[in-house]
């Protein structure tokens, strides 16, 4: 009889944070909205707060960067460690060290689904439909997958069953699709800058932006719009039709997460051939099931916010059963290892974090070391052939551990 590998138990879980409200602006890391001055990601992007003039110009003005980066590290009895990052900051540290630790420590490193289910059910009374608590659970889940991969000496994508393609092709999210085309990406997704409070003038301005980029990028390059929950059905419908002459591939997250009937109506109203997408700010498996039922074309969970890799795999199955694509909101290596195993993810997102979108910069810079970036718009599966998620924690990032147990 062949010997079966004996897996260690988890000795300890630890949580740090960096950045956030008490830090100097521009920490980056897991909270990639926390960028310095003159960055495209904070330049008059339409949001649900844009109707208030005091908060129209900058997303940081209403506090999009107050949470900061959460780092969760799990250590096995044999001394090996796994870690992950997300957006939950000091409050996430409290949840990990004072609540979730009891479900993690003492478990086998392979007990990921058991730990995941216990974390979800134990936080139901204060987690609601996602948000901070789900970000924290996601971070723990990703750290567990990282540890498991390192213990058995395999990349996470092989733990999920292996790659279904040799490489991942990417579109770029940022203010300059024309530069993204030069870098080899298959498409460019731009943020909208105007919303319902701006009336038809706002529609004309954003449509003119799309028209300008279509002229610069040519007919075959994908162009998309990211509306970041800032619209209503009527405005989104008018914007979609205004952009139809410029072959807009999809219009994304026009409505707040729970407006399921609105998404159903928008899909019905959208021009023929234009896709409707959403999911970035949905935080539970149940919400993705309901979102799928609206008939949208692509679901876009963030693996660091939706419940982690364990939930992302389940979301992909829901989408596949309905003939929908799942294209995760850009989350770097944590998405790469998943999407290369999904048959219904033919491409993925890369978020441009350089200030003017002119250079390639790792999304979670500087918190991750050895974080890969696309080359000519692609990442080959061989780049992912390292144990776990294949990245290391940069411990020079002023990490703080405010709680212990």
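Just so it is clear, glycine is given a Cβ too, placed from its N, Cα and C backbone atoms.
The annotation active site, proton acceptor is assigned in Swiss-Prot to 329 on the grounds of sequence analysis. Secondary structure at residue 329 (active site, proton acceptor), taken from DSSP and collapsed to helix, strand or coil, is coil. The Cβ of residue 329 (active site, proton acceptor) lies under 8 Å from the Cβ of 279, 280, 300, 301, 302, 305, 335, 349, each of these being in the same chain and 6 or more residues away along the sequence.
Among the features that Swiss-Prot reports, substrate binding site is placed at 33, 59, 349. The DSSP secondary structure for residue 59 (substrate binding site) is coil. Around residue 59 (substrate binding site), taking its Cβ as the centre, 22 other Cβ atoms fall within 10 Å, counting all chains.
Swiss-Prot lists 226, 252, 280 with the feature Mg(2+) binding site. In the structure as shown, the Cβ atom of residue 252 (Mg(2+) binding site) sits within 10 Å of 24 other Cβ atoms. DSSP assigns residue 252 (Mg(2+) binding site) to a strand in the three-state reduction.
What Swiss-Prot lists as site 'Increases basicity of active site His' is 302, and the listing cites sequence analysis. DSSP classifies residue 302 (site 'Increases basicity of active site His') as coil under the three-state reduction. Over all protein chains present, the Cβ of residue 302 (site 'Increases basicity of active site His') has 24 other Cβ atoms lying within 10 Å.
According to Swiss-Prot, the site 'Transition state stabilizer' annotation covers 349.
DSSP assigns residue 280 (Mg(2+) binding site) to coil in the three-state reduction, outside any helix or strand. For the recorded site, residue 33 (substrate binding site), the DSSP three-state label reads coil. Calculated from their C-alpha atoms, the gap between residue 252 (Mg(2+) binding site) and residue 33 (substrate binding site) amounts to 18 Å. Under 8 Å, Cβ to Cβ, and six or more positions away along its own chain, residue 33 (substrate binding site) finds 41, 42, 59, 60, 64, 65.
Taking the mean position of the Cβ atoms of 226, 252, 280 as the Mg(2+) site, the remaining same-chain residues with a Cβ inside 8 Å of that point are 189, 227, 228, 253, 277, 278, 300, 329.
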